[in-house]
Amino acid sequence: MEHIDLAPIAKVAGTVALPGSKSISNRTLLLAALCAGQTTVRGLLASDDTQRMLEALDALGVKVEQLLDENGADSRDFIVHGCAGNFPNKNADLFLGNAGTAFRPLTAALALSNGSYHLHGVARMHERPIGDLVDALRQAGSQIDYLGNEGFPPLQIKPSLIKPGAAAADRVQVKGNVSSQFLTGLLMSLPLTNRDMTVEVVGELISKPYIEITLNLMAKFGLKVEKKSWNEFFIPAGQVYQSPGEIFVEGDASSASYFLAAGAIGGGDAVRVTGVGSESIQGDKRFAETLEQMGAQITWGPNWIEAAPPADGQLKAIDVDLNHIPDAAMTIAIAALFAKGKTTIRNIESWRVKETDRLSAMATELRKVGATVEEGQDWISVIAPESLTPNAEIDTYDDHRMAMCFSLVALGGVPVRINDPKCTAKTFPTYFEELARITL
Ligand SMILES: O=C(O)C1=C[C@@H](OP(=O)(O)O)[C@@H](O)[C@H](O)C1
Ligand SMILES: C=C(OP(=O)(O)O)C(=O)O
């Protein structure tokens, strides 16, 4: 198995320019594809997940041009030629890897696009639930078959077009407690029906800040959704997506969490991330608040965040509900290795259905470095050891966040081996190079 051996890191300091946000990149690509006219998307994330979305748009017949930089090399700027809500290819086979932000929204958009589409992914994607979204789309009149297990990808979508006035529901219900991406997919796609549509969220909605990202970006593309409450959204008929002309992708706030945690742990000066700050539309910026609760010194700018160790040098344990930042919450479990006391992270059951069962994977690997860990169905608690176990060999379960999280163990003055480091390519292919740049 390929691995990277990290030497103990005594100090970190410096600035990291964050790669583009995965959540914003993939939403923006789809919205730009759905609108009429051209959209220039600047600063798109280069990673497996965005590559899957670009390939899908290509297979659907949407033209996307990559622009060159001043040296003639590929830039991260793209021109998307929108298809005005009507994908040119009515038959396509889409491989979507393990990209939830591609799979769920594309399922919704294609289920309302009057074509035949086969959507599949890696083995783990076929274990990640999609039944709540399929149920909701069927209420709207879509025809979707499961090709493997009921409730999971792969899917076959059959032609169905929900015309204004057709006998399909104008109200769909969706469960909110497994993934917010189902609601995101519905919100972005139901305007294609050109009917007044109400989406009712049944039960608790998790990961709410991701819905804020969705609504924010839809608004940038001229689409108004009335949020009556977290359980009811109304999309008035007669709206079409309109190109904003040009749109800039923020830096990724989840990717920021590793560097901010490094700054808080790190025995050096502050670490600054740029591309995300107080004006960010991403909920994961609030990771910095949680780090602050642990004692870290946090400074905000409009487009940057800085983290430095606590004034007294000692992070403290916390007991927190992190349902609003499920991805960055993993980084808190690692920060707990450097905190005094028992840290408990609650309301994170969605960890079980992401890239791997993250509750189980986190518990297993934290124990390898000496932590005392307890795990429940939707929580984890971590007590740091007196000193971290040197030379732990960390398995990463094809989960980019496991690799990035456990790299921070090296800040505990011990060498650590990370297996399959290239799994960071899902959202951050150059992660280990960036970490090396702030290592003194
Ligand atoms: O909508 C999004 O961009 C995301 C929503 C979250 O998923 P859940 O809603 O499934 O928690 C998050 O974990 C994922 O990385 C990105
Ligand atoms: C859960 C994640 O990804 P996805 O978008 O595939 O759900 C993640 O990036 O942590």
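Please read every residue number as a count from 1 along the shown chain.
Every residue gets a Cβ built from N, Cα and C, even glycine.
TrEMBL entries are annotated by machine, without manual review.
Source: prediction; values computed, not measured.
In the record from TrEMBL, residues LYS22, ARG128, GLN181, ARG358, ARG401, LYS426 bind phosphoenolpyruvate; the candidate from GLY43, GLY100, GLY151, GLY203 listed for the same site is GLY100. Selection of the recorded positions ARG27, ARG128, ASP327, ARG358, ARG401, LYS426 by a Cβ distance under 6 Å from ligand 1 yields, in sequence order, ASP327.
Looking only at the binding-site residues LYS22, ARG27, SER180, LYS354, the one with its C-alpha closest to ARG128 (phosphoenolpyruvate binding site) is LYS354. Listed in sequence order, the binding-site residues from LYS22, SER180, SER207, LYS354 having a Cα within 10 Å of the Cα of LYS426 (phosphoenolpyruvate binding site) are LYS22. GLN181 (phosphoenolpyruvate binding site) is surrounded by 25 other CB atoms, counting those within 10 A of its CB over all protein chains shown.
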